[in-house]
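A short worksheet on the structure shown next.
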Amino acid sequence: MNQALQLGFRTFINLSSFPVDPRKLGIGRLTPLRGKVMGSKRRSFSNSSSIADQNIDKKLREAIDNDNNTISDNPLLQDIKDDPSKIEAMTIQQLRTALRTAGIPPEGLKRELVSALQSYLAKEIDGAGESSLLADKQDPSSNSDKRISMMMETKSVEDQVQDANSFSKVSKVQQSRRTVKQLQIKGKTVDVNAKMVATEQKKSACASGRMTSLTKKKASSDVDSKYVSAKNRDTLPVNLSEPWTILAHKKPQKGWIAYNPRTMRRSLLTENTKFVKILSWNVNGLRALLKLEGFSAMELAKQENFDVLCLQETKLQEKDVESIKQSLIEGYENSFWACSNTRLGYSGTAIISRIKPLSVRYGLGMSDHDSEGRVVTAEFDSFYLLSVYVPNSGDGLRRLTYRITEWDPSLSNYIKELEKSKAVILTGDFNCAHEEIDIYNPAGNRRSAGFTIEERQSFSTNFLSRGFVDTFRKQNPDVVGYTYWGYRHGARKGNKGWRLDYFLVSDAIADDVHDSFILPDVIGSDHCPIGLVLKL
């Protein structure tokens, strides 16, 4: 193991700067902690002034209507129009210069300047109806006023949407629990998955601390509003900073809302409550993750202050494990690794813990299933914890039969045996989106590995029907939250994902689950971490 990897992993588990001492020994002697649940990156952006919003919007419309301020006449604006991605990278001074050139007052914070310039470009583009992110084309003969008018027909939705003068401007969006409304735009139908509400209304709620409660199952977010395509129904609004807060689904049902960890994660437990906090993450190659520029595992550890970390798809070889274990520093001396010995640099699971387990097992105890390092089991005082990487059915579903007739039943029987002595927590990548709410495009993936009817039925038969509870779905029955996004086609930016990672627990301890959550803002893999807080 080279020096760079050792240093990288040392950073990954270095918790010396925690605000409290690590919890050691057994679960029964665990000292409650008050950790930071959310990092500063999750804090909402400051709200802009409604008066400034109205003034900028008025100037936008005036600038658009002014024939002397067209993009084609100005090299600066034309350059930005040719590559809208440059807007986000511009400095405040550059943004103000561009806005002045367009005849728009350069007022507000950088976020507001970016939004104003994006709005101007989106409206000025010659009849195309295309924004900086969405390139769907409409009638080229229509002018800006007509396009704005068409977009504002959302006011016909039930419970009239409040007047919004700037359709492409940053606005507050609240996911509606009502059935998706359909709007008629020039004879074409588009689906609207979100309901615009007044900026002042949301600012008032934030200022008074009255964030939407979990019981009401509503979520709010800052959104960069984009054109809704009349041609492409699966084109959705995109929030560049928090795309997961947008309800991205091809067939959303009544009452579904997007997952927003800033508003949906449960509050911290009191100091007198004993609990254990577990994180699970398919890292898609641990060495690659640790070398990734910009990734800060230390920051993640400080923010979440977990007791146990379960990993999947580590892709480590057995010869690497000892070097990694020697790199572990005080607080996380307990680590247990399962590696594939039939295909090197493949699969692999691990459990890293600051709590010493009573015992550890590897695999399912069956040679047919234990050659790929897919299971590690750690026994603690009051439960068994399994880090599991369920086989993917693969291209052409070549491993589907093995998956549903051998692997899933074997894992199910194994955990039921464990359950005879104490409760079981089963976590990891199950390579299955169980329900339609768990995948962005259910209709298009009926025969795709991870969403076949056979895999979904197997998930129900071998786990849910045998007394195990999907903790995230129990806590969030109507919430669309994904844990995996393919690298191709910008799936993560558009929140076009799958929920493949789970915390399943024995029914006996399901009511002791204080929180089951997703960390969609943590990058470094095509999966994101998930977490569980269990009261002891």
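Cβ from N, Cα, C; glycine included.
Note that TrEMBL annotation is computational and uncurated.
Per TrEMBL, domain 'SAP' is recorded for 87-121. Marked as Mg(2+) binding site by TrEMBL: Asn282, Glu313, Asp429, Asn431, Asp526, His527. According to TrEMBL, the feature active site maps to Tyr389. According to TrEMBL, the feature active site, proton donor/acceptor maps to Asp429. What TrEMBL records for Asn431 is site 'Transition state stabilizer'. The annotation site 'Important for catalytic activity' is assigned in TrEMBL to Asp501. TrEMBL lists His527 with the feature site 'Interaction with DNA substrate'. Residues annotated as active site, proton acceptor in TrEMBL: His527.
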* Here the recorded positions are Glu313, Asp429, Asp501, Asp526; which one has the lowest number of other Cβ atoms no more than 10 Å from its Cβ? -> Asp526
* **Rounded to the nearest Å - Cα separation of Asn431 (Mg(2+) binding site) and Asp501 (site 'Important for catalytic activity')** => 7
* Structure fact -> So Asn431 (Mg(2+) binding site), by the Cβ count within 10 Å over all chains shown, scores 24
* Given the Mg(2+) site residues Asn282, Glu313, Asp429, Asn431, Asp526, His527, which other residues of that chain have a Cβ within 8 Å of the mean position of their Cβ atoms, reported in sequence order? -> Asn284, Gln312, Tyr389, Tyr484, Leu500, Asp501, Ser525
* Structure fact -> Ordered by sequence, the long-range same-chain Cβ contacts of the residue listed as 'active site' under 8 Å (at least 6 apart) are Asn282, Gln312, Glu313, Ser347, Gly348, Thr349, Gly373, Arg374, Val375, Gly428, Asp429
* Structure fact -> Around the Cβ of His527 (Mg(2+) binding site), other Cβ atoms within 10 Å, all chains included, total 23
* Structure fact -> Whole-number mean pLDDT, the domain 'SAP' (87-121), equals 80
* Whole-number Å distance between the CA of Asp501 (site 'Important for catalytic activity') and the CA of His527 (Mg(2+) binding site)? -> 8
* **Other CB atoms, at most 10 A from the CB of Asn282 (Mg(2+) binding site)** => 25
